[in-house]
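Notes follow once the structure below has been shown.
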Amino acid sequence: MLAAVAGVLIGTGQAAAVPAWLSPEPPDVQAPQAALADGNTGAIRWSREANTPVPIASITKVMTALVVLNSGDIDRTITVPQGIIDYDRKYGASTADLVPGEVLTARELLYALLLPSGCDAAYTLAEAYGPGRGEFIAKMNDTARQLGMAGTHFSDPSGLPDPTDYSTYSTPTDLVTLGLRAMSQPLFRDIVRQQSHHLPAAPGHRDHVWETTNLLLHDYPGTVGIKTGSTDAAGTCLLFEAVRLGQPLIGVVLHSSPDSDVAAQRDAEHMLNWGFGPILSALPIG
């Protein structure tokens, strides 16, 4: 179909203004590492430094969620440990505003993990499902190996720089693999497409309202997830998926900017616009 449209443009004398989606790569993508793939098959449509390992910040939490989901029993109750205070304070980490002693289900903690990018939720889940962080991180790395993510290593369930900035790392192609596997899980997929989640107060825990950090959900029609990330070493990152006319595209941008979430979002938008093309972009969403 693209070739046919190109022929029409040339035949009408419009060849000089070739649309961006007819170019061999998406325009204006700042991220030094990126990939865009077919969300059904995983086939890479375009990439840049696709196999270069770099820090991935809170995109790590996608693997944390996957390990929890693979473990089962997501309605078990878990007490938020005292250790979250020092953990969050040490790194100035993003939190879901959990308080030690609160009791939530693993299902509820997954919302706290994936929407506001709660490092306190990651710590809590790791302690419960390892048991202990060390055992949990081993499960993360085992899962990465099982998925064939050869360029990936995890040292922290949140993606924080522990023990160093570069201890947790991955590649664009590995993260596409991770995203595809995670999005095949119905609960994960349902969580990451939400813009917010309200957990009313109940015996054992306070009232919580968690809002997504993924502004692509607000701003790009058809977006269905997935996860943002940001640290000094990783810059701003985004693992994303959108669907138009039943066609999913999944992609990732790493270090779009040292500190601008908007830069990662714009990179994702440029890639999706290129991937879908103006014809699909104008058609119904879903």
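From the backbone N, Cα and C atoms, a Cβ is placed for every residue, glycine too.
A TrEMBL annotation is a machine prediction, not a hand-curated record.
Straight from TrEMBL, the features:
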ACT_SITE  Ser58  active site, acyl-ester intermediate
ACT_SITE  Lys61  active site, proton acceptor
ACT_SITE  Ser117  active site
BINDING   Lys227  substrate binding site
DOMAIN    24-255  domain 'Peptidase S11 D-alanyl-D-alanine carboxypeptidase A N-terminal'
SIGNAL    1-17  signal peptide
Under a three-state reading of DSSP, tell me whether Lys227 (substrate binding site) is helix, strand or coil.
strand
Overall pLDDT for the domain 'Peptidase S11 D-alanyl-D-alanine carboxypeptidase A N-terminal' (24-255), taken as the rounded mean
98
Output, ordered by sequence, the same-chain residues six or more apart from the residue listed as 'active site, acyl-ester intermediate' with a CB under 8 Å from its CB, or 'none'.
Ser94, Ser117, Cys119, Ser158, Gly159, Lys227, Thr228, Gly229, Ser230, Thr231, Cys237
Fewest other CB within 10 angstroms, which one of the recorded positions Lys61, Lys227?
Lys61
Reduce the DSSP letter at the residue listed as 'active site, acyl-ester intermediate' to three states and note it down.
helix
When a 10 Å sphere is centred on the Cβ of the residue listed as 'active site', how many other Cβ atoms does it contain?
27
